[in-house]
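Asks: What follows is a structure written as structure tokens; I'll ask about it next.
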Amino acid sequence: MNTSPKQSGYLKVGNGHEVYFWTAGNPQGKSALYVHGGPGSGTDAGCLKYFDLDTTYVILLDQRGCGQSKAVNPLLHNTTQDLVGDLEALRQHLKLERWTLFGGSWGSTLALVYAITHPQVVEQVFLRALFLGREQDWAEMLLGLGKLFYPYEHQTLLKAIPQACRTDFTKFTNYFYEVLQGNDSALKTQLANAWVKWENTLLSPISYVKDEKAEDANFTFKLALLECHYAKHHSFLKPNFILENVAVLKDKPVHLIHGRFDLVCPLSQALELKRALPTLNLYVTNNAGHSGSDPNNLTTIKHLLKTQL
């Protein structure tokens, strides 16, 4: 599989931000935008594993403040609405009339908000590990379900912060947010590592999924900072924005693959979306968690993209 970029460059989107984009696959094939997670994960060649590059033209973008994108200040002018605007600016820059979206975890949030905002240019939506992006969803990931399965690992996370901030989501995120923007380099590193290590603990019920990028101190810090930024601000969305507006997609094919044992984005969120969008094609994968690399998730995603895209 040739994963070399067909086209790459920077798109100036204003307010000191330049977002990096690249494409791969067949330019004459069906256009599919890969929307990465995090926020803050960025893109790399591994993101292409889901696609048939002989028949698909894959477009990838590093969201504001991460990957190879450039920013004067990564947190200023970095909201969900800004990211949606960047995706639309990229579509226009590439002169694509319509495209299909594929996003997992936070990428599913952003893909849905984009599709709700610009339904006229969206062919289909493929989602993995749905994340609705509400305050309660962030709180569940950081302080909720996972601690029942990994209590010792969760205690390690909590021990990194003052006791008064360990059970209240607002105090928890405020403390991380303040420290990660502060001047104590050692403490910033400690908290960023604790945040990302906890998230990685929850990725897969089958075995510990090693994210090699997480060993990169710069990547780890950016990921923790941007996730905390979006968690603190409840994804910059009104409560239940997706559920209350997703009906605009009722006439479009929307597919969701969700691991039954996802501890980052519990299956209950997928069921909420199904109730709000009865036409949703929901595929629950057994013996699978959050990671797109879990065998049952990966096999299902590749099959759907190959047969439905």
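Just so you know, the numbers here start at 1 and follow the chain as drawn.
Yeah, the Cβs are placed from backbone N, Cα and C, and that goes for glycine too.
Not my notes, these are from Swiss-Prot:
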{"type": "ACT_SITE", "residues": "Ser105", "note": "active site, nucleophile"}
{"type": "ACT_SITE", "residues": "Asp262", "note": "active site"}
{"type": "ACT_SITE", "residues": "His290", "note": "active site, proton donor"}
{"type": "DOMAIN", "residues": "33-291", "note": "domain 'AB hydrolase-1'"}
Asks: Non-local Cβ contacts of Ser105 (active site, nucleophile) (under 8 Å, 6 or more apart, same chain)?
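Replies: Once residues fewer than 6 apart are set aside, Ser105 (active site, nucleophile) is near Gly37, Gly38, Arg128, Ala129, Phe131, Val264, Cys265, His290.
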Asks: So for His290 (active site, proton donor), how many other CB atoms are inside 10 Å of its CB?
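Replies: There are 28 of them.
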Asks: Test of understanding: give the count of other CB atoms lying within 10 angstroms of the CB of Asp262 (active site).
Replies: 30
Asks: Give the mean pLDDT for the domain 'AB hydrolase-1' (33-291) on the 0 to 100 scale.
Replies: 96
